[in-house]
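K.L.:
Below, the features straight out of Swiss-Prot:
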- 525-579: domain 'LRRCT' (DOMAIN)
- 639-782: domain 'TIR' (DOMAIN)
- 362-388: repeat 'LRR 13' (REPEAT)
- 501-524: repeat 'LRR 19' (REPEAT)
- 1-20: signal peptide (SIGNAL)
- Phe349: site 'Interaction with bacterial lipopeptide' (SITE)
Amino acid sequence: MPRALWTAWVWAVISAFTEGASDQASSLSCDPTGVCDGHSRSLNSIPSGLTAGVKSLDLSDNEITYVGNRDLQRCVNLKTLRLGANEIHTVEEDSFFHLRNLEYLDLSYNRLSNLSSSWFRSLYVLKFLNLLGNLYKTLGETSLFSHLPNLRTLKVGNSNSFTQIHEKDFTGLTFLEELEISAQNLQLYVPKSLKSIQNISHLILHLKQPVLLLDILIDIVSSLDYLELRDTNLHTFYFSEASISEINTSVKKLIFRNVQFTDESFVEVVKLFNYVSGILEVEFDDCTHDGIGDFTALTLNRIRYLGNVETLTIRKLHIPQFFLFYDLSSIYPLTGKVKRVTIENSKVFLVPCLLSQHLKSLEYLDLSENLMSEETLRNSACEHAWPFLQTLVLRQNRLKSLEKTGELLLTLKNLNNLDISKNNFLSMPETCQWPGKMKQLNLSSTRIHSLTQCLPQTLEILDVSNNNLDSFSLILPQLKELYISRNKLKTLPDASFLPVLSVMRISGNIINTFSKEQLDSFPQLKALEAGGNNFICSCDFLSFTQGQQALARVLVDWPDGYRCDAPSHVRGQRVQDARLSLSECHRAAVVSAVCCALFLLLLLTGVLCHRFHGLWYMKMMWAWLQAKRKPRKAPRRDLCYDAFVSYSEQDSYWVENLMVQELEHFNPPFKLCLHKRDFVPGKWIIDNIIDSIEKSRKTIFVLSENFVRSEWCKYELDFSHFRLFDENNDAAILILLEPIDKKAIPQRFCKLRKIMNTKTYLEWPTDETQQEAFWLNLRAAIRS
């Protein structure tokens, strides 16, 4: 019994393990190229069953704690491995030994407290390694990266426990495109630790305090192109001139991101620019200046200029004591060499005239997302301000008058590019004044409703996107590029107004269509972006767009940007894929064909009516409908005749000389209705026939070959036919005056033919001895 329990327990464990492994393997989604995605799947281990077909494996943001020697041994073609944001605390020595093709490895934000060089000894082609955010204090006892000759991007350190950088740490690395060191709590930096790296393109340094900053800078200043300092409090920073005076520097760009300054530390940083003479660009991003701009009493007067700095960028500068801040006049003399200045989203409402006049080399000025208005712009763009300025960006400020703005900028003689987008202009005056060299103007998102002659005729590039324009009728003879997307235009602009236009962006309007003739009217058009409009996919439009292969080279957003809005059955489809029916595209031909078919149908109907007496049927239907309006059966007192006699004119002798004599002169006499004597003059013949039949108890048909050929006999027979079979009575008496073939009776009198086949009719005897019996039978039939 215990043995059985033990066996059951073992099988349960094996089953659970197998099921778990299967579940984990199924949690990966892999495409045919070998890219497998398993991020954020709550995995607690690396899935089993991985093969050589896997080239990219993403297991980030899971709960993996351990990487074993066999977990990845079959992934010999793996190039990208992402294990970041897990709980990994252990990596076995040979875990990555078989990954000889690995180029990208991310182990960031795990729980690794120790790093081993054996992990990387076979990763000769590794280019990217991220070890940020783990728990280690140092980079190991031995040189960690000595086996990585092709490494180009390295990220190491953490924000808490990483405290020491030793000389051996970066041995073996000669060239890095990017090195990021997170060392907010750095306590020890051994000199020359970074000096072994001969060239670093971009160094990102996270330091909370600046104590060791100068030591690091001394080691890298001759091999570094681009230094980025993050999350640092520079309140206590002091620049020692002696320590760096002998160094040949190569740093070209310096960025301070989320860094705090004081008036004093800012001066120390400016000193640095004089000695690191290669710096061409300085950027302050999301920084805080804890001071009031009081530089006059400091050593700023010993600094003649900002080194060789040509580009100065300031974004989101916070000044807690903004309303106590000085006028900065003491730094004006330092700005003479600066060519490009960007001060963005920093609550700037004024550039003092004196500062503008000192910026003698300035070519580009960006004051986006600030508080500039026409009143302050008047002071900023004063006489002799920014003498060489070519580009001015005043996007998203507080400008309201286009006329005043243009007038205030007349002092800028060299200005050719002006961006005043996202200001609230609303309207445009009829005339304006602009600097004489204006070539580019950005008026996008200014809520203007129409364009006027206010725009300068010298423009080569105009952006009026995202406004309320419903037409474009300006003559701009030099305009080469027009950006007019997201407006309310219904058609392309007139090409005669824009003779040299080469680029037009007109997407997001309400244009229904455009034609080959319209595009051909722009002789120099090379790029057209017209997607996102409400295209009516007519036959002509589809034929044009789908039939012009060269059109794809002009339409930059073809084919995905072009969708049909109508007809409804192709709405939402790409114009390239839409198909219309033959009737929609060849309406005239279809209508002609239908008309021809209708004509043939009418012709055929006429032939059939003639052949099968269709006209007769219609006449009879009309007569029957007329007769239906009268009482179905005349009252007894309205019957005037014993019988109505229907006969052919050729048989009138027999009727008038024999029948009338035998019936009307008999005692008692019969009263007959004959059309010759009893029809009412002036009354329609058809009405006479109908009235006579209805006023007679019987209808006598004198049948002969002449009767069958007589048109009026047919009418009389027709209406009696309706009476007989609509009222279902036996009012008809047939007299066969001479033998006739029953087939000679028209097919349309089917019921009459049936009577002749089923009921007795009187036949006129040629033998005189039998004629008396004939008249006797006829009188009896009339009385019945």
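Heads up, the Cβ atoms here are built off N, Cα and C, so glycines get one too.
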K.L.:
Is Phe349 (site 'Interaction with bacterial lipopeptide') helix, strand or coil when read with DSSP?
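P.N.:
DSSP call for Phe349 (site 'Interaction with bacterial lipopeptide'): coil, neither helix nor strand.
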K.L.:
Checking distant contacts: for the repeat 'LRR 13' (362-388), what same-chain residues at least six beyond its ends satisfy Cβ-Cβ under 8 A?
P.N.:
338-353, 356, 394-401, 404-405, 408-409, 411-414
K.L.:
Is it possible to get the count of other C-beta atoms within 10 angstroms of the C-beta of Phe349 (site 'Interaction with bacterial lipopeptide')?
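P.N.:
Excluding its own Cβ, the number within 10 Å is 15.
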K.L.:
Using DSSP, tally how many residues of the domain 'LRRCT' (525-579) sit in helix, strand and coil.
P.N.:
16 helix, 11 strand, 28 coil
K.L.:
Take every residue in the domain 'LRRCT' (525-579), average their pLDDT values, and give the whole-number result.
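P.N.:
The predicted confidence over the domain 'LRRCT' (525-579), as a mean pLDDT, is 91.
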K.L.:
According to DSSP, how is the repeat 'LRR 19' (501-524) divided among helix, strand and coil residues?
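P.N.:
Final tally across the stretch: 5 helix, 3 strand, 16 coil.
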